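Notes for the one structure printed next.
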Amino acid sequence: MSPQTETKTGFGFKAGVKDYRLNYYTPEYDTKDTDILAAFRMTPQPGVPPEEAGAAVAAESSTGTWTTVWTDGLTSLDRYKGRCYDIEPVAGEENQYIAYVAYPLDLFEEGSVTNMFTSIVGNVFGFKALRALRLEDLRIPPAYSKTFQGPPHGIQAERDKLNKYGRPLLGCTIKPKLGLSAKNYGRAVYECLRGGLDFTKDDENVNSQPFMRWRDRFLFVAEALFKSQAETGEVKGHYLNATAGTCEEMMKRAIFARELGAPIVMHDYLTGGFTANTSLAHYCRDNGLLLHIHRAMHAVIDRQRNHGMHFRVLAKALRMSGGDHVHAGTVVGKLEGEREVTLGFVDSLRDDYIEKDRSRGIYFTQDWVSMPGVFPVASGGIHVWHMPALTEIFGDDSVLQFGGGTLGHPWGNAPGAVANRVASEACVQARNEGRDLAREGNEIIREASKWSPELAAACEVWKEIKFEFETIDTL
């Protein structure tokens, strides 16, 4: 920034432009337990010192603006300003730094992810003094997290509702994602559920299009749910996508799902927005509905490692806003996700207390206190050969979702569901017997396929399918 230039008036107010670091770079600051802490990866413009860039981030995302204003004298900036309290260079990267910023809790409205993000990831991301800026992590203090309801029900309450324990839950996204009539859509749902899956799912862009209006879809899916439940004796669910063009329409769809007796609805939380998502989560808790969350649009925000926001931040925000499931990548499938980084934010979704661990991208210790956990959903390009790795990576408290890996079975949807259920139970049994899923996974699947012709057929179809590309977003 420009050097300090000031004009003193007769009232003691000094007008002009000051370096941000004079007020907002405070390396001597001791963070408070009530502060929201942020870790930004910043790339300053040539000639901008990192201290000035870090201070600019703190200022522009809290109380500061580009020039001194006389109304600063009407409040206590020391109480309300953000502070850049530490800066460290990023190893192996030229002119990149991690800037740590502390925000006083009074800057944020209680229970509002929308307000929190409007400040922390608002206009500052277009600031000219920075070539790029990325929010890597947030520490949400209990004093703030306790103002949020969080997930409508959480992991344990969902297991109790479903009466399903000791294994990952299995799901399937109905394909083709667009173009089916409501009746044929319901037929596909029924076949998958009677074959052994716990859930089926609307794709994220299935809302209410001319080929299949939402009310028709809900009715045929409800029929499929009740029929499959009667035949299998298991609780079944289908993620009925309530996402709509207005909050009022979204709520109308959720209310209709509840009236039909559906156990779960779905929302696209990034395209739908955090305000809509929090409203829906509150309704779901009050009315006994589970809430599945899809993260459509996340890669627009989180995929570039130098600019935007890491998904671990979006995951924490979702836990606060509310959702019982959220898509979290697969590590082994077709979508982006490095193993240790993925497990870092999976822990942030499920666990009560997460220790700082930079090797997994966790910049701050996070204490969620009593906020319920969220099921991570692994979905995208996975099939039966991935089952051992998925079981080993994600454990029991997860939802493994096979779309093409169910509906692409050569014998149809129900045999595809059977193949996935057999593979999952074989992996869980082998793990419980002490076998090493990472080393013996293929052997475990081959053994199970000897007594399951459906699994054997699936193994043959997908034996050569791999998605081996280098991960873009790495530590």
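Using the three backbone atoms N, Cα and C, a Cβ is placed for every residue, glycine included.
The DSSP secondary structure for Lys175 (active site, proton acceptor) is coil. According to Swiss-Prot, the active site, proton acceptor annotation covers Lys175 (among others).
Annotation source Swiss-Prot lists active site, proton acceptor at His294 (among others), citing sequence analysis. Proximity of His294 (active site, proton acceptor) to non-local residues of its own chain (separation of 6 or more, Cβ distance below 8 Å) is seen for Glu204, Asn241, Met266, His267, Asp268, Tyr269, Val326, His327, given in sequence order. For the recorded site, His294 (active site, proton acceptor), the DSSP three-state label reads strand.
Residues within less than 8 Å, Cβ to Cβ, of Arg295 (substrate binding site) and separated from it by at least 6 positions along the same chain comprise Asp268, Tyr269, Leu270, Phe311, Leu314, Leu318, Val326, His327. The substrate binding site annotation in Swiss-Prot covers Asn123, Thr173, Lys177, Arg295, His327, Ser379, and the record cites sequence analysis as its basis.
Annotation source Swiss-Prot lists Mg(2+) binding site at Lys201, Asp203, Glu204, citing sequence analysis. Packing around Lys201 (Mg(2+) binding site) is summarised by its Cβ count: 29 other Cβ atoms lie within 10 angstroms of its Cβ, all protein chains included. Lys201 (Mg(2+) binding site) carries a strand DSSP state (E or B).
According to Swiss-Prot, the feature N-acetylproline maps to Pro3.
The feature N6,N6,N6-trimethyllysine is assigned by Swiss-Prot to Lys14, with sequence analysis given as support.
The N6-carboxylysine feature in Swiss-Prot is assigned to Lys201; the stated evidence is sequence analysis.
The feature site 'Transition state stabilizer' is assigned by Swiss-Prot to Lys334.
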Nearest by CA distance to Asp203 (Mg(2+) binding site): which of the recorded positions is it, out of Lys175, Lys177, Ser379?
Lys177
List the residues in the vicinity of the Mg(2+) site, defined as same-chain residues other than Lys201, Asp203, Glu204 with C-beta within 8 angstroms of the site's C-beta centre.
Thr173, Ile174, Lys177, Asp202, Asn205, Val206, Tyr239, Asn241, Met266, His294
Near Lys175 (active site, proton acceptor), how many other Cβ atoms are within 10 Å of its Cβ?
16
Could you tell me which of these binding-site residues, Asn123, Thr173, Ser379, has the fewest other Cβ atoms within 10 Å of its Cβ?
Asn123
Surrounding CB atoms that lie within 10 Å of the CB of Lys177 (substrate binding site), all protein chains:
14
Report the member of Asp203, Glu204 (the binding-site residues) whose C-beta atom has the most other C-beta atoms within 10 angstroms.
Glu204
